[in-house]
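So the structure is just underneath, and the comments pick up after that.
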Amino acid sequence: MATEPLLIPSSRRKLSNPSILCPLPEDGEISIPIPSSPSSPSSLKDRLIFGAAASPSSRVTRSPLAPDEEPRLERDGEDVTFVRWPSAKSNLHRSRTAPAMSTINDVSDHADTDLPPPRRPSIISQAFIFLFLYLAVGVLVYTIQRTNFSAAETHPVVDALYFCIVTMCTIGYGDITPRTPAAKFFSITFVLVGFGFIDILLSGMVSYVLDLQESLLLGAVRKANQKSYIVDVKKGRMRIRLKVSLALGVVVLCIGVGTGVLRFVERLDWLDSFYLSVMSVTTVGYGDRAFKSMTGRLFASVWLLVSTLAVARAFLYLAEARVDKRHRMMAKWVLGRHMTVAEFLAADIDHNGYVTKSEFVIYKLKEMGKISEKDIMLICDKFDKLDTGNCGKITLSDLIEGHH
């Protein structure tokens, strides 16, 4: 709607700057005149979103008005007087040409409900349920067909549980072995299911618990706002060397506990106890030594499960430390050398003769191996979908149009 200059009646005070013209108000509102000097992009953006009166970058000051005073604004040292319009509303309102905040909020709400955040399954409960079912089936089958297995029996349930854990952890002492074809077929199925499914689920459970503990520790350190030798706040994780040390400490603890139990429960000497403990924790299991007593097998049913998971986690942390060290060395090498002409041409993605900061960052990330060409293409495809105007920029109108 076109606006006409506001004609000031003779009974009113004239504007101190006659070059500033005000548009006619609508519904008792009054508009803020646009400054004669061109505004900065950030100032214009704030005016469009928040309105001229509420713009954070605007230097307009307001003060309470007396009944016999005219509305006055101070802008850039100038004294600008506006005409008071009889209205019960506030003197200053957002311009009607600005985008409605309700529309922007609708876009944001629509974006949130478009792709709801994935729900993380309760991996701990799943791991315990499937482990219980797995062991229950194994104990039931072994108890019913224990005559088809060759073993030095102690107690049917304890022997069955011990056999299931040894099979699932892929240790294979050889003290309990299947004899009949039916028992061998059951053992094949049991070890494939246990090794390929239960172990993965248990490893996921351990990873989830450790990640949760790490996030809680990181949150506590950030809240305390203190330097910590345990958590790397910049990277948002525990220090990799500390993680490796803790994992190796748990492995050593498991070996020590196993050695002590084998010495005093299985009545082995210290060397054989340490030997069997290491062979068990590392899932080697030569079979020349094994658990023979009921108490020892009951202990092994829990100890083997915990110790093998601890060893797997320690090896994973060692590999992570190795990869992290390699990434740091690669980043130091990439950022330490000078940029050649060939690299300049490769970094100039849009071939416009110069490299912007974003192009430089993308090129260096590709050199470090932190991002691939496939990842960049996926991000570019997402950008093209949001850029409905095909202008190379995502504007507010594109965002609103894309969600309608």
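Glycine is treated like the rest: Cβ placed from N, Cα and C.
Annotations in TrEMBL come from automatic prediction, not curation.
Annotation comment: TrEMBL describes 129-209, 251-320 as domain 'Potassium channel'. TrEMBL lists 55-77 with the feature region 'Disordered'. Positions annotated as transmembrane segment by TrEMBL: 123-144, 156-173, 185-210, 244-265, 298-319.
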| message | At a threshold of under 8 Å on Cβ distances, which of 123-144, 185-210, 244-265, 298-319 pairs most often with the transmembrane segment (156-173)? | response | 123-144
| field | Positions on the same chain near the transmembrane segment (123-144), where near means CB under 8 A and six or more residues out | value | 156-157, 159-161, 163-165, 167-168, 186, 190, 193-194, 197-198, 201-202, 204-205, 208-209
| said: What does the DSSP secondary structure composition of the domain 'Potassium channel' (129-209) look like, as residue counts for helix, strand and coil? | reply: 61 helix, 4 strand, 16 coil
| message | What residues elsewhere in the chain lie close to the transmembrane segment (244-265), defined as a C-beta under 8 angstroms and at least 6 residues from its ends? | response | 272-274, 276-278, 280-281, 291, 293, 295-296, 299, 303, 306-307, 310-311, 313-314, 317-318, 321
